[in-house]
């Protein structure tokens, strides 16, 4: 089931199936975030190793740290103390925030699209053009009636 | 009063009354968030119990912790120290962020809809179609006038 | 200068001058946030007073705490330790997040409106109706030409 | 390569090249944020110097602090302890949050614009006006046919 889901996800993200930009951007950003969190957890342990007062000393701890960093919770139970550890942290933060912004923007786009289809501009466009078609019908009847009257 | 409010809320969220997707999504996400926070508070105390240096040891404390986690404040006065406690925390964080994104997106959709109704595309659509109707009136007058002249 | 600015702000927020909902919502939420932060700072000192390990013991500190709470930074240098202090904190957090969501949504509405005016739906609506007016001109010329030929 | 990129960035932000407001606002806010973070790091060290229990004592540390403040992570490993340090922090927080809101709003505007172009209102506007043009063709044929029949 999982490989099938994975294949399907790849198809939606990179294939012709899912063509709307906002869904692909939100999905792509989420995948990038997960990869950055996994790689960042590994990288931060590697660069922090042996530093004075380092607290990010194992991969499971670093994974938890990357979760609380990407979500901007930041309890402060774990944090990098070296320059390169902080560079990794900054990348995780920025990717986390951007992903969150993309998801919010994709949700807004989805909602706005639904609203416009339901009762907004699209709906009124149809109503207004229906009124114009009625005018055409009337003019055609006038033109035809005249011919009949001739 | 409270049961009436609750019934009304259910009616808006799941009934035919509130049909706009964005309001239902924002409301539904808020309810899911409250449930996740209440259940998460209970779950985190259960899984953290007896762990070395555990600080989430009572339900009221855990409830406060779930509030500062879901809002991504994260003072760091309380935080989970076990793997399962951190899994619960990750769920509370992700649900909290998603709810917040949904509320922001719903607000944007509401504002955009209001703007379009007030002076945007909808307004201009009316203006432009009014001009077309005037043209129809003129053509009809021409057609009628001709008939009179015959 | 400041009283003039204040009067103007009141006029925009509550008068007939600023009629667009999104600007009033964002401005109103910001004012509510400032009031909640000022009152919350005072309230949290009052309820925390005398509590064991209380650290929010003076108004200037509490004001700084309300800033880092409303922006969801939460360093953890100050935090409430009593039930009522945490209730105050929860209110500051929720109002802060909602205000932020309103500002983001108002910005999005402003941008979307500008885009639609610049080269989006509105622009295309004008182009399409201009083409329809040309068709009317042609039909009117046909009707007039016929009359001339009689 | 870097100076070329910089020149290009200036051209897009301030020149006639990039005329869409949302891209310029998001780009401008990002530049303002970077400037505020760099200046804020320098300022916070200057005002915190010599204060009791000050922990923001060097520029590299203050730069890391400004990153975790602007992203609202706030681990609590570094934080200002003086009034002016907290004023600087508040500015960094507010600019950080506003930038983030602008980026989210710009993304939403970009997505909404793409959606409307792809299959939304614009698309339907074209369809509806195409139907009106067909009616014009029919009326013109009627008018011409009549003339032929005379």
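Backbone N, Cα and C atoms are what each Cβ position is placed from, and that goes for glycine too.
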If TrEMBL is the reference, give me the range from D:61-86, D:87-112 marked as transmembrane segment.
-> D:87-112
Per TrEMBL, the transmembrane segment among D:21-45, D:121-145 spans residues D:21-45
Whole-number mean pLDDT, the domain 'Potassium channel' (D:33-111), equals 94
Sequence-distant contacts of the transmembrane segment (D:21-45), meaning Cβ under 8 Å and at least 6 residues beyond its ends, amount to 9, 12-13, 56-59, 62-63, 65-67, 70, 80, 85, 88-89, 91-92, 95-96, 98-99, 102-103, 105-106, 109-110
